[in-house]
Amino acid sequence: MRDPFPIAPPAPLVAAVKPLADYLSLSTLPLHAHEVIFAFCLYSFIGLVVSPALSSYFCGARYRAFSSRTKINWNVHVVSFCQACIICSLSLYIILFDKERKEWTRSGNWETRIWGYSGLTGLCQSFALGYFLWDFIMCSVYVDIFGWAMLAHAVSAVSVFSLGYRPFCYFYCPVFLLYELSSPFLNIHWFCDKLDLTGSTIQAVNGGVLTVSFFLARIVWGQYSSFNTFSDMYAAYASGHSTPSIIPGADGNARIKSSGDIGMYYASPASQERAFMGELYLPLWLPAIYLASNLVLNALNVWWFYKMVATIRKRFDPPWGTKGIGPDAVHYMPLSEEEKNRIAGLHKEGLGSVKAGRVKAEQALGNAGAVGTTYGAAAADVDVQRGVYADGHKSVEVTSTTRRSARSRRKA
């Protein structure tokens, strides 16, 4: 299907991008550079203007009371939510209704799946690249907020979607973008935490949808699509040089060398499909980059799925949740009469010193468990407890006071 974007490639921009596109062998980039810029500006505008305005209107004082760090994170989640809705809608439309692309799915048609070009898929890839460039900048500038894992994700995504302009694996562009089907629910879950809806019915229902969609879209669909992609790449690499399919441009050269031919933007889908193929072969470094990026993305998805399930369970009570259970849960063991007598008057020497009291408590309690107990007048300000944590480690907790009398303060 032809590119439905209402703005045609501006000739000055095409001319400016062409040298870089030819140098990097990204022959279809000049036809879509304006869409990449448009998408980048769109997501930047949402993050800088739309999100603060709408958040202040609907969330009022809550949003304005956020710290600068939380506001940045909030705005990024708003952009992510909008991007996921846009890109998933476009990807699903391409997969379901692009008749020309459906022909590429036929068995043995791996050449077109690897090197074929479609204007509509080029639009989809450009909106994805515009977002991932924006995301890469945000993750680089605020790596202290989003972490190195998100930066690695951004680098992998930018690499994959940039190399697609060769053209390369246009067929699989909307396929992998369906990873984003879980992103709206992930963002809603995050918003619930910030709006004091943690553990609410809304978050519970959303958490269930999030878990299922993440597992199906990123784990099941992702692994299946990765297998199909690398099967086609192996077929392309094993075939060596394929049959040339050279369509001369206006200057008589193959279009692979005429990346700035705006005429292809208006060409029929049948003409576009093989227009940029030239003599086809797959250099080993290209699938290697895709394989490395894919492994990084899939590994992150598996890790995030594990962390996501654990995080959601912490919001809710047992048996399905783990609220109040885990490393933070403390169980106290009762003292025997002998142990009670042993620690009676324990803090007389160290009254006013928590450190001294803790040392004495360790010596008296040894490996025994304890429950918080107070002994004698001297211990009126001291509470000793033996905590046994869920992971098995033990501790002595001593609560005391360092208050001195008025007389001692005057001496000091």
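Quick reminder: no glycine exception, Cβ is built from N, Cα and C everywhere.
As annotated by TrEMBL, domain 'TLC' applies to 69-317. Annotation comment: TrEMBL describes 36-60, 72-94, 114-134, 141-163, 169-192, 204-224, 284-306 as transmembrane segment.
Counting Cβ pairs under 8 Å to the transmembrane segment (169-192), the stretch among 72-94, 114-134, 141-163, 284-306 with the most such contacts is 72-94. Confidence for the domain 'TLC' (69-317), expressed as mean pLDDT, is 86. Listed by sequence, the residues of this chain that lie at least six past the ends of the transmembrane segment (284-306) yet keep a Cβ under 8 A from its Cβ atoms are 149, 152-153, 156-157, 159-160, 163, 166, 168-169, 179, 214-215, 218-219, 222-223, 226, 229-230, 233-234, 237.
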